[in-house]
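Please read the structure below before turning to the comments.
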Amino acid sequence: MERSDFAVGSVVVALIFLVWVSAAGFGSDSVPVPLGPYTHSHLLTQFKVSSTISVVAALGSDVLLPCRLIPEMNAEKMEIRWFKPRYRPYVHLYINGKDDYSIQMPQFANRTELLKENITRGIFPLKIRNVTAQDSGEYYCLVESSDHHGRTTVQLQVTAVGSLPVISPNTYTSNDTAFCESCGWLPEPSLIWTDTQGNRVIPSKEKVYRDEKSLYCIFSIISLPDSSNITCTVLNSVNQSKYHSKQIRETGLPVTCRDQYSRYIVFWPCLAALIVSFGYIYHQSKELKRLLAAPDNCKQNARHSEEAPVNGICAAGYTPNGCTPSDHGTHGNVPSAPVNGICAAGYVPIGSTSSDHGTQGKKSADHSQSTVQV
C-alpha cells in the first residue's frame with residue numbers, strides 16, 4: 001500500500017515537471033537555455049530611449065532631432081513614432097521597416113525624414129526641413145518592440161533675430177517721451193532702456209504681440225531722462241540681441257517734442273505780428289506819398305485863407321471863399337497887393353507895410369469912400 005502511494009506521488013511530480021518544462025519552453029530550438037531567472041532573449045529586448053534636452057535652430061534652416069536606443073541594438077524591426085504634443089496625427093511614423101505618411105500632421109508634409117544610416121545601431125534622428133515659428137515646441141520619440149517600449153522628449157526652439165530697434169520721438173503727445181519698436185523675433189524678446197551712464201530706464205508702457213508670421217514684436221515708451229543719449233536694446237532668451245542709440249540732448253538743451261511744440265507756439269505768433277507790421281508800414285508809406293504828392297493844394301488853401309474878403313471887400317480879379325463875381329462888380333476892384341504903392345484902407349495885404357498906409361492914407365481913404373458912395 002505504501003509503495004502504491006509512492007508510485008502515484010512520483011507520477012504526479014513527473015507530470016507537474018513536464019508541464020512546467022513545456023510552459024517555460026525548455027528544450028525548444030528557438031529559445032536558448034535559461035541563464036538565471038531571465039532568458040537571453042528577454043535581456044536583449046530591454047532598452048532605454050534617449051535624446052538631448054533641447055535643440056536650437058534658426059528660422060528657415062534644417063534641424064535634426066536626436067533619438068537613440070541604450071544599449072545599442074538594431075531598431076529596423078521596431079516601430080518609431082514622432083509626435084507633438086498629441087499622439088495622433090504624427091509628425092513622422094516609421095513602421096514595418098518603412099516610412100508611413102498617411103497619418104502625418106499637415107504642417108510637416110514633405111518636410112520630415114527619418115535618417116536610417118545608423119538604425120542598426122539604434123540611432124535614428126528625425127530631420128525637419130525649413131523650420132517655421134510654428135515648429136517650436138516639445139517633441140516625443142516613442143519606440144516599440146514586440147515586447148517592450150520606451151519614450152523620450154526633446155525641445156525644439158526656433159530662433160529669429162528681429163529688425164533693428166528704432167527710437168522715435170512721440171509726436172502724438174506734448175510730453176518728453178520716446179518709443180522704441182522692433183519686430184521679427186523668436187522666441188519672445190525683452191526690451192531694455194539705458195541712459196548715457198548705463199542706468200536702466202523703466203518704461204511707462206510696454207507691449208509684446210505676434211504678427212501674421214507668428215513672429216514677435218515689442219513696443220515700449222519711456223519718459224526721456226536728463227542724459228544726452230538713450231539706448232534701446234532688444235534681446236531674446238538665447239542671447240541674440242540688437243540695439244539702437246539716439247542722441248536726445250544737445251549742449252545741455254533737450255531736443256524733445258515739447259521743445260518743438262514750444263517753438264511752433266512762439267514762431268507762428270511772431271510771424272503773424274511781422275506780417276501785420278509790414279502791412280501797417282506799407283499803408284503808412286502810401287499815405288505819406290499821397291500827402292507829399294499834393295503840396296500845391298496846401299499852398300493854395302493857405303493863400304485862400306490869407307486873401308479872404310476883408311470887411312466885405314474882395315480883391316480885384318480874384319474870387320476867394322466868400323466872394324462872388326458880383327462882389328467885384330458892386331464893390332469895385334481892390335487889389336490884394338499895393339498898386340503903385342497904394343494899399344486899401346484898413347487892410348494890410350502881403351507886400352504892404354503900415355508906412356504905406358501912413359504915406360498914402362489919404363488916397364486910400366478917398367478911394368475907399370468913393371467906392372462906398374457908389
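Every residue, even glycine, has its Cβ placed from backbone N, Cα and C.
Please treat TrEMBL annotations as automatic predictions, because they have not gone through curation.
These numbers come from a predicted model, not from an experiment.
Features of the protein shown, as given by TrEMBL:
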| type | residues | note |
| --- | --- | --- |
| DOMAIN | 37-159 | domain 'Ig-like' |
| DOMAIN | 165-249 | domain 'Ig-like' |
| REGION | 354-374 | region 'Disordered' |
| SIGNAL | 1-23 | signal peptide |
| TRANSMEM | 264-282 | transmembrane segment |
By DSSP, how many residues in the domain 'Ig-like' (37-159) are helix, how many strand, and how many coil?
14 helix, 55 strand, 54 coil
DSSP-wise, what's the residue breakdown of the domain 'Ig-like' (165-249) into helix, strand and coil?
0 helix, 51 strand, 34 coil
Mean pLDDT, the domain 'Ig-like' (37-159)?
92
